[in-house]
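Note sheet for the following structure.
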Amino acid sequence: MRRKSALWDKTFLLTLVTLMVPMILQNLLTLGTQMMDSIMLGQLGQNELSASSLANQPFFIFNLLIFGMASGSSVLNAQFWGKRDIRSIKIIISICLKVAFTVSILLAAVVMLFPRAVMAVYTNDQAVIELGAQYLQVIGWCYIFHGIASTLLTSIRSVGIVRVAVVDSVFALVCNTSLNYILIFGKLGFPALGVRGAAIATVITRIGEVAIVLTYLLFIDKKLKFRPRDLAAFEMGLLKNYLKNGLPVAFNEVFWSIGVSIQSMILGRLGADAVSASQMSSIVQQFATVFIFGVANAAAIIIGNDIGAGRMEEAKSRIRAFRWIAVWVGLLAAGVILVLSRPVVGFYNVPEETKELALQMLRMLSVIVLFVSQTGIGVVGLLRGGGDPRFGVFVDLCGLWLFAVPAALLAAFVFHAPVLAVYLCSKLDEPVKLVMLTWRMRNDRWIKDVTTAGAPQELP
């Protein structure tokens with residue numbers, strides 16, 4: 001008798017919506033915060049917008065490194081939660097937090113001590129470099145606080161703790177937008193600080209975010225019952241398991257983010273208009289892809305929980321369902337890009353030529369996002385949740401480093417192609433990744449339980 005598709009399973013769909021909606025809402029709020037940052041700085045001029053955009057490239061790499069390390073812990077924690085092995089989950093979170101804090105300190109020191117050298121990597125425009133250096137000297141503090149908050153939020157959502165992230169994001173939107181308005185433009189008696197004011201507002205907001213997450217985890221949460229002493233927990237077997245299954249995810253995110261950062265460097269050499277147009281189109285794209293990665297992160301939790309609980313057939317059925325869901329979510333994301341393009345671009349105080357360039361980029365993205373939906377849900381949701389994060393590394397890095405980055409470099413500096421052609425070349429990795437994923441998922445042999453090594457035998 002043929003098993004009914006998970007697409008018609010009410011329990012599965014309810015679980016998906018319960019996990020997905022808070023994560024989508026959190027990401028929308030986060031993007032709203034970024035967009036307000038971008039729009040307010042865009043009111044100052046194209047140089048200020050370009051400076052903040054390029055100065056945030058190191059943070060982009062750092063953020064994905066932290067996300068990768070925490071997502072690596074989630075590969076294990078989702079399956080441990082299926083077994084209800086709470087002690088192992090606490091130890092994995094503790095290990096991940098220690099690593100993240102160390103990395104945060106090191107990278108914060110680099111951007112604050114050598115801000116002009118960092119900016120010079122991305123642009124040769126001296127005005128943009130000086131503005132970006134002002135921003136980096138302050139924003140470096142943000143790395144430390146964001147590292148702690150992001151690690152905790154990403155780690156705990158693997159056990160279904162997602163609502164605190166929404167509260168955290170609401171606070172960030174209100175606090176950062178208010179402080180930006182006051183400090184960038186000099187309101188309520190404060191001096192107008194421009195890009196430096198935006199950086200100060202972000203640091204203050206990140207401090208508040210850490211306070212919210214720690215308060216919830218240590219004093220309110222009843223699921224993990226985390227206590228201050230748990231922050232010091234350690235187990236060598238679990239460390240080895242984390243390094244084996246978690247580090248590939250961190251490796252993936254870091255080298256993927258470096259590749260994307262190189263693409264920003266390429267656009268930075270093509271002029272401030274190319275950088276500004278790319279920044280505007282990126283904001284719209286991210287609003288569209290929150291739906292994709294909301295589904296992807298929910299998929300990782302659901303599939304991981306099923307495998308950890310030993311429900312392999314159910315996991316296989318749900319993996320097939322998620323591949324169909326990816327098609328429909330991709331169409332939704334394409335529609336969002338087309339609808340939001342003109343209204344969002346119209347907010348910016350930039351030349352009309354730059355706005356038109358951004359709109360042309362967005363038309364390209366409305367097609368590319370159909371591939372992003374398949375690859376994003378496939379790598380972040382299914383491969384990681386299904387216990388095969390290493391192939392996800394292979395897919396992401398091969399597509400980016402063997403196709404997209406070389407194509408963009410050749411288009412820009414050898415063939416001197418127009419900005420739009422260079423931009424299109426930078427997106428060539430998505431079709432390549434889809435082909436590789438389709439080959440990998442032609443059967444179910446890649447699905448496995450990764451919690452069998454290193455877990456303590458005694459539960460609390």
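Note: Cβ is positioned from N, Cα and C throughout, glycine not excepted.
In TrEMBL this protein carries:
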{"type": "TRANSMEM", "residues": "12-31", "note": "transmembrane segment"}
{"type": "TRANSMEM", "residues": "59-80", "note": "transmembrane segment"}
{"type": "TRANSMEM", "residues": "92-114", "note": "transmembrane segment"}
{"type": "TRANSMEM", "residues": "134-153", "note": "transmembrane segment"}
{"type": "TRANSMEM", "residues": "165-186", "note": "transmembrane segment"}
{"type": "TRANSMEM", "residues": "198-219", "note": "transmembrane segment"}
{"type": "TRANSMEM", "residues": "246-267", "note": "transmembrane segment"}
{"type": "TRANSMEM", "residues": "287-309", "note": "transmembrane segment"}
{"type": "TRANSMEM", "residues": "321-341", "note": "transmembrane segment"}
{"type": "TRANSMEM", "residues": "361-383", "note": "transmembrane segment"}
{"type": "TRANSMEM", "residues": "395-424", "note": "transmembrane segment"}
Whether the transmembrane segment (165-186) meets the transmembrane segment (361-383): three or more C-beta pairs under 8 angstroms: no
Seg_contact(the transmembrane segment (361-383), the transmembrane segment (134-153)) with at least 3 CB pairs under 8 angstroms, min sep 6: no
Contact set, same chain, for the transmembrane segment (198-219): CB under 8 Å, 6 or more residues outside the stretch: 33, 37, 40-41, 52, 134-139, 141-142, 145-146, 148-149, 152-153, 156, 164, 167-168, 171-172, 175-176, 179-180, 182-184, 226-228
CB contact flag for the transmembrane segment (134-153) and the transmembrane segment (92-114), at least three pairs under 8 A: yes
Cβ-Cβ under 8 Å with the transmembrane segment (287-309): same-chain residues at least 6 beyond its ends: 12, 15-16, 19-21, 23-24, 27-28, 31, 35, 71, 74-75, 77-83, 157-158, 160, 315, 318-319, 322, 325-326, 329-330, 332-334, 336-337, 340, 344, 365, 369, 372-373, 376-377, 379-382, 384-387, 447-449, 451
